[in-house]
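According to TrEMBL, the Zn(2+) binding site annotation covers 83, 86, 123, 126. TrEMBL lists 115 with the feature Fe cation binding site.
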């Protein structure tokens, strides 16, 4: 038997769903989406499957400022600017830590599946709203 875990049907359904959805999605939304596609499973099964897929390095998790966890395929690293006020999340295309990741893997003999980089602050709109409130 190979080192790769044998995936369950539930895990395969979730992987197929994540392949078709380009942005992060919550476990609750995965549950609803699968039900809409007549592939329903229990919410606990969704969470267990996501955890197993995460441990296999196939799914990555990103926690928003409000505590909500979003899941996506672990194909590429995710980088964002996230507004603490309205929750808008702006993707960043360049990766300032890519070289560091390679050095860390080499130095520590550590297999990195992916990384996330997130900066928290206020978007332009929320900064304007805040400035307007101060001037009232």
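Using the three backbone atoms N, Cα and C, a Cβ is placed for every residue, glycine included.
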Query raised in the report: Whose Cβ lies within 8 Å of the mean position of the Cβ atoms of 83, 86, 123, 126, the Zn(2+) site, other than those residues?
Result: 84, 85, 87, 88, 122, 124, 125, 127
Report task. Count the Cβ atoms, other than its own, that fall within 10 Å of the Cβ of residue 126 (Zn(2+) binding site), considering every protein chain shown. Result -> 16
Query raised in the report: With every protein chain in view, how many other Cβ atoms are within 10 Å of the Cβ of residue 123 (Zn(2+) binding site)?
Result: 18
